[in-house]
Amino acid sequence: MSDTEAARCSAYWELQFTGDRRRARVPEGREKALDLRPQSVMAAAECRLLSGPEASAVLEAADTLLFDCDGVIWRGEAAIPGAAQLINRLQERGKRVLYMTNNSTKTRAMYTDKLRGLGFRAETQDVFATAFCSALYLQQKPAQRGKVYVLGAEAVSEELRSLGIACIGPGPDPLCGAMGDWAALPRDSDVGAVLVAFDPHFSYMKLVRAAAYLRDPGCRFLATNTDTRLPLEAGAAIPGTGCLVRAVEAAAQRTATVIGKPSAFMFRCAAERFGLDPARTIMVGDRLDTDILLGTNCGLRTILTLTGVSTLQEAESHRDSGEADRRRLVPDYYVHSVADLLPALD
């Protein structure tokens with residue numbers, strides 16, 4: 001996204017955060033252009049199997065489909081069988097396909113290379129990953145001091161630097177000194193924000209440093225996402241970014257502003273970049289608390305695929321609970337795999 005596009009996105013969309021709940025505020029005069037009505041005023045989601053003529057009708061009515069990646073179109077380094085064929089067919093039918101992932105371990109360029117290597121058609125502008133979106137957020141809402149302390153992979157630093165944002169932090173930070181020395185660790189006086197992402201080198205020293213920076217109430221506190229599990233191949237999973245975010249929140253006694261799904265920020269950047277109509281946009285994902293909730297928050301149609309984290313039993317339990325907050329996690333439809341949608345394009 002260019003500086004001009006970022007400025008337009010910043011001018012049009014502003015997020016208002018209230019404690020641990022994040023609600024989107026649509027600027028005056030833009031309500032009709034982007035209808036982000038809460039789920040309570042929309043038709044209740046039913047979590048129906050999407051197949052046959054209904055699947056054809058749902059896809060035909062959409063202009064844009066947003067696909068999560070891990071657990072939806074690939075697992076680890078292997079594509080979900082039939083996923084590339086589906087997406088390529090959708091594009092051939094004139095549908096816009098965008099990739100929207102909470103995984104911060106790769107830059108947009110790296111994701112584009114992976115997509116192409118697995119047989120998907122993709123351009124860098126089609127990818128919205130949390131490393132890039134976090135950099136975009138900080139470009140739009142600069143910290144009082146310009147440098148960012150990053151707990152995350154080098155990809156996060158690359159995306160920050162690509163938008164002219166200085167940063168420190170990625171890589172190992174081994175334990176050093178005695179306990180009495182840790183509270184007096186030297187700090188970079190130019191740091192004005194702490195950004196927590198997936199960090200395989202997360203350590204006690206990083207936790208101490210992050211908490212020290214965040215003692216300053218003027219220091220921004222951001223998190224790429226709060227997913228507690230990162231799915232891998234063969235159904236395996238490892239602790240996700242959310243585990244690290246909670247540790248820093250506890251140490252700093254502060255709550256992070258979350259950039260990734262289910263926050264509306266990622267969708268709004270895509271919506272402004274491509275002029276998306278929520279009523280003609282579908283979110284396809286494998287997690288109820290990120291992908292499906294994003295769709296609910298933004299007024300999108302939602303499809304849960306069962307090749308990843310969440311199960312049909314969980315979705316049906318939320319649907320039948322009678323609790324408003326849990327109902328927001330219910331998808332409109334489910335499929336066993338995104339490949340099951342291929343016959344709808346015949």
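Backbone N, Cα and C define each Cβ position, glycine as well.
If you look up TrEMBL, you'll see D68 marked as active site, nucleophile. Among the features that TrEMBL reports, active site, proton donor is placed at D70. Summarising the annotation, TrEMBL assigns Mg(2+) binding site to D68, D70, D286. For K261, the entry in TrEMBL reads substrate binding site.
Excluding D68, D70, D286, which define the Mg(2+) site, the same chain contributes C69, G71, V72, I73, T101, P231, G285, R287, D291, T305, G308, V309 within 8 Å (Cβ to the Cβ centroid), listed in sequence order.
Across the structure, K261 (substrate binding site) and D68 (active site, nucleophile) are spaced 10 Å apart at their Cα atoms. In the three-state DSSP scheme, the residue listed as 'active site, nucleophile' falls into the coil class. For the recorded positions shown (D68, D70, D286), fewest C-beta neighbours within 10 angstroms: D70. Here the Cα atom of D68 (active site, nucleophile) is found 7 Å from that of D286 (Mg(2+) binding site). Reported as a whole number, the C-alpha separation between the residue listed as 'active site, proton donor' and D286 (Mg(2+) binding site) equals 8 Å. For the residue listed as 'substrate binding site', the number of other Cβ atoms no farther than 10 Å from its own Cβ, over all displayed protein chains, is 32.
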